[in-house]
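Per TrEMBL, the feature divalent metal cation binding site maps to B:His151, B:His155, B:Tyr172, B:Asp348. The substrate binding site annotation in TrEMBL covers B:Tyr172, B:Val173, B:Ser174, B:Gly175, B:Gly176, B:Asp204, B:Gly219, B:Glu223, B:Asn320. TrEMBL lists B:56-354 with the feature domain 'Gcp-like'.
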Amino acid sequence: MASLPYTLKLVIPFETSHHADIALQTLSPDPELKPDQLARAITISESSPSELVVEFLAVSDRVLRVGVNSMMDNLGLVAECLDELDIANFN
Amino acid sequence: MICYDISDKFPAPQEGRNYFVAIGLEGSANKLGVGIMLQQLPTKHTPVPRAQVLCNIRDTYITPPGEGFLPRDTARHHRNWVVRLIKRSLEESVLPAKMSGEVENRPIRVNDIDCICFTQGPGMGAPLQSVVLAARAISLMWKKPLVGVNHCIGHIEMGREITGALNPVVLYVSGGNTQVIAYSHQRYRIFGETLDIAVGNCLDRFARTLKIPNYPSPGYNIEQLAKNGKNFVELPYTVKGMDLSMSGILAYVDNLANEIFNEKSNSKLKYTTTGQKITPEDLCYSLQETIFAMLVEITERAMAHVNTNQVLIVGGVGCNERLQEMMKTMVVDRQGEIFATDESFCIDNGIMIAQAGLLSYREGITTNIKSSVCTQRFRTDEVFIKWRTN
């Protein structure tokens, strides 16, 4: 196992803990493509159940940037789904 | 390895209903499609009810002439549009009064939907992944199960539903896939396929060489140019048993095109044997005739193997009318029938995913969210076709 010295922690606040949980379940299944270069853990914050915490460990800052960028894109889509496609928004 | 949750119980329709509704999300290549399908339970009067398309919308990522679509950009297109397309599909779908039992037709509601179907593969990884995110999110928000669908099975099942073909040899030809398929013992079995690139990929890449527009699709534009082709230029013909090879033909015809465009070149290749200068139209015509002839040849052989006289053409290249015409000539000679659909069902779409997904769902097959990871490689014959017998 290569050492993964470059780290970043994202804390993303959601409106409710339910939304944070949906984001967790939506983002978790897809594995990182190069697990030996980039490790990623997605959890719910222990201090606040409506906060999603994403932690990255990477072999280089380049790999870290690519991984974080892709996560931000995905988070954007999940947030848009939560905002726009809630049952309450229809009929 | 794709994992499903298989229940030994068949799910019933929602209370007081005799029908199921599914939403399908497709995004394995440059088309993003959303469709909503309604399937009725059989009754005494209609033992085999036809599925009803409530909505079938698509947004295609078009690149400039000479450029193909790259995974990253295509994924971004899908991320940008998927929510809007899902919203529009719900707004446009109407539940007929005779289904809902209400006085008037009414717009569909989220709660009318039984399951969320998505393309799990095969296809380009990044676009698939961006669409499955939306599928997971709505599955959790709407509390509806997910159903992962094999893209090829989607094409086959939609083609069967629309045309009513019972047990055809299926020619599946698109930008990413080229397969001759026939059903046997609850699998769609691959009788022949391309050994390198897909037929549609060969056409798309030749369109790039000629710098012709990618709108509405490169294949369509080649088809229109080919109508004005006058000289047939001999190209390599590469059928290998039941399989095909396309990359050598592409390299050869690309090379010819480059000679024609190169003003300085005085190569003999620029002229036909009768001394006429070869045009891009001639090349389009010759390329189509050559590769379609190869497709017809292996399809005919597959028909002989499985002893059927029905042919169903599905996939994006399937809307090429010249291919349909050539296939028809062969099929008529064998006293058979040919089935094809128009571009709304041939070209990648969401409704076919809803159709195939609903067939799985009704057999008790769903996909757990943890197992809903997409895969770029997912062969047609990996899927257990529980909904068909014999």
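Cβ coordinates are placed from backbone N, Cα and C, and glycine is handled just like the others.
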Open item on the list: Comparing the binding-site residues B:Gly176, B:Gly219, which residue's C-beta has the most other C-beta atoms within 10 angstroms in this structure?
Closed with: B:Gly219
- [ ] Find the one among the binding-site residues B:His151, B:His155, B:Tyr172 whose C-alpha lies closest to that of B:Asn320 (substrate binding site).
- [x] B:Tyr172
TODO: Check the Cα-Cα distances from B:Asp348 (divalent metal cation binding site) to the binding-site residues B:Ser174, B:Gly176, B:Gly219 and tell me which is shortest.
DONE: B:Ser174
Open item on the list: Roughly how many Å lie between the Cα atoms of B:Gly176 (substrate binding site) and B:His151 (divalent metal cation binding site), rounded to a whole value?
Closed with: 11
Task: Per-region confidence, the domain 'Gcp-like' (B:56-354) (mean pLDDT, whole number) - done: 96
TODO: Express the distance between the Cα positions of B:His155 (divalent metal cation binding site) and B:Ser174 (substrate binding site) as a whole number of Å.
DONE: 10
Task: Neighbouring C-beta atoms (10 Å sphere around the C-beta of B:Asn320 (substrate binding site)) - done: 25
TODO: For B:His151 (divalent metal cation binding site) and B:Ser174 (substrate binding site), determine the Cα separation and express it in whole Å.
DONE: 11
- [ ] Find, for the listed binding-site residues B:His151, B:His155, the residue with the lowest Cβ contact count at a 10 Å cut-off, counting only other Cβ atoms.
- [x] B:His151
Open item on the list: Can you give me the Cα-Cα distance between B:Gly219 (substrate binding site) and B:Tyr172 (divalent metal cation binding site) in Å, rounded to a whole number?
Closed with: 15
Task: B:Ser174 (substrate binding site), number of other Cβ atoms within 10 Å - done: 25
Task: Distance in Å spanning the most remote Cα pair of B:Tyr172, B:Val173, B:Ser174, B:Gly175, B:Gly176, B:Asp204, B:Gly219, B:Glu223, B:Asn320, given for substrate - done: 18
Open item on the list: Using the Cβ center of B:His151, B:His155, B:Tyr172, B:Asp348 as the divalent metal cation site position, which other residues in that chain lie within 8 Å, going by their Cβ?
Closed with: B:Ser28, B:Cys152, B:Gly154, B:Ile156, B:Ser174, B:Asn177, B:Val314, B:Gly315, B:Gly316, B:Met352
